[in-house]
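Straight from TrEMBL, the features:
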type	residues	note
DOMAIN	1-91	domain 'Cytochrome oxidase subunit II transmembrane region profile'
TRANSMEM	27-51	transmembrane segment
TRANSMEM	63-87	transmembrane segment
DOMAIN	92-225	domain 'Cytochrome oxidase subunit II copper A binding'
Amino acid sequence: MSTWANLGLQDSASPLMEQLIFFHDHALLILVMITVLVGYLMFMLFFNNYVNRFLLHGQLIEMIWTILPAIILLFIALPSLRLLYLLDEINEPSVTLKSIGHQWYWSYEYSDFNNIEFDSYMIPTNELTTDGFRLLDVDNRVILPMNSQTRILVTAADVIHSWTVPALGVKVDGTPGRLNQTNFFINRPGLFYGQCSEICGANHSFMPIVIESVPVNHFIKWISSNNS
């Protein structure tokens, strides 16, 4: 999760988020190079005393400053397209989780396991424990196995919501009457926090998401205890 003075992205917990961070750094490096070059040229204009009253055009330089930006855009567009296709790919998921957005809480269903379902509400500030995070902790966490391909189906019961967990690189809109899906692969255990990031009303930021990533054998025990 984000902490104080964290100017960068959160540490990734999935391969897709790693790729998103790599692309962010790649695009930022290109932007810095362009900014430095343009800034240098503008700065040097203040100290340029040369004047040519008869200069009307320069075809070579015009060709360069037309073709060069197009090539630079290709270096941004091609990795971006690759990443878009990777984010949409579903590879034989081991677990399917369904998330339904309500005002102002989430409902979850594990339809693969005898249809386990529960609601997940934010814990009020006056009920938090000493190790809880204000406005981020919930009463029922989503338990998911690590090192397993997970598919999530997202919809909403009233208005548009958005199921977003930055550490996993997941942001899926939940739209009433529509079922959206995406996949992710959690590669380490831990707690991963998210929130509704759609403007679905005054309290949309008070719809936190908490994913608890556990080893597969712990996940099976949790499923068994909920089925019994």
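Glycine residues also receive a Cβ, built from the backbone N, Cα and C atoms like all the rest.
Just so you know, TrEMBL annotations are computer predictions that nobody has curated.
Across the domain 'Cytochrome oxidase subunit II copper A binding' (92-225), the model assigns an average pLDDT of 91. Mapped onto DSSP classes, the domain 'Cytochrome oxidase subunit II copper A binding' (92-225) shows 19 helix, 63 strand, 52 coil.
Counted with DSSP, the domain 'Cytochrome oxidase subunit II transmembrane region profile' (1-91) comes out as 61 helix, 0 strand, 30 coil.
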